[in-house]
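Engineer: Taken from Swiss-Prot, the feature NADP(+) binding site applies to Gly165, Arg166, Ser167, Ser190, Ile231, supported by sequence analysis.
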Amino acid sequence: MAIIMDGKALAVNMQEQLQEKVARLKEKEWIVPGLVVIMVGENPASQVYVRNKERAAKKAGFHSKTVNLSESISEEELIEVIEKYNQNPLFHGILVQLPLPNHINEMRILLAIDPKKDVDGFHPMNTGNLWNGRPQMVPCTPAGIMEILREYNVELEGKTAVIIGRSNIVGKPMAQLLLEKNATVTLTHSRTPHLAKVCNKADVLIVAIGRAKFVTEEFVKEGAVVIDVGINRDEEGKLCGDVDFDQVKEKVSMITPVPGGVGPMTITMLMEQTYQAALRSLKG
């Protein structure tokens, strides 16, 4: 029977530690970490994510603000809003909730965020720092996965890691973080032939494709560690991941559940990176 990797419990523990660090920072340096979340339009899923981030920021003791903007806002107007917070020393983290409306160029918006305040880790400068082995701001989901692997003492050096999904948000940065730990990494995608056969060689399998229960027991080798990034609903409307949990858990050594695995750690790492940005602001 697999060990269930409890991301929710780890997130709670890290959040408690963060509250203590924020209190000390406030007492010693008179600085409160500040996070602004910019929301364009009224996407229901995005609204849920934004509320969760706002709740986590307040719980951590941050100065938190959500800016709600009309879906019809122009690209230039949105950049002006971002620049306002780039210049505001009370805010150490700026997050623009994605996706954006079709008339707005996403990359242009990401480029407008000060890289020092880019707590999502999507700015090309932060991406470059990650690939050069000098990461500061790292996409939060891969960062959270690394914390889970560390918490459960998963050895990565010399191990074979396979990632399903090559997005800029999860797959690609995840590959680099694993390479930094001296794993041998294969990044797969929808055009990868014999996908199950490739995945079956993995000591560590990370799945991020957004297809409910896609990964079955034939994808995993005996004793593998499986990290499920997906959040979907099955035919009965119940939350599930990209991995068929009930089928796979009998074969692997460790696995993250959905919900309660990777998800809670993503928001926790966003808060941690905002705190770290506040610390770096002391150095100018």
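The backbone N, Cα and C atoms fix where each Cβ goes, glycine too.
Note that this is a predicted model, so its numbers are computed, not measured.
Tell me about the surroundings of these features in the structure.
Structural biologist: Look at Ile231 (NADP(+) binding site): DSSP puts it in coil. The Cβ of Ile231 (NADP(+) binding site) has 17 other Cβ atoms within 10 Å, all protein chains considered.
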Engineer: If you measure every Cα to Cα distance among Gly165, Arg166, Ser167, Ser190, Ile231, the residues said to bind NADP(+), what is the biggest one in Å?
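Structural biologist: Max span of the NADP(+) binding residues, Cα based, is 18 Å.
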Engineer: Cβ-Cβ under 8 Å from Arg166 (NADP(+) binding site), same chain, 6 or more residues apart: which ones?
Structural biologist: Lys172, Leu187, Thr188, His189
Engineer: Between the binding-site residues Ser167, Ser190, where is the Cβ count within 10 Å the lowest?
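Structural biologist: So among Ser167, Ser190, the binding-site residues given, the one with the fewest Cβ atoms within 10 Å is Ser190.
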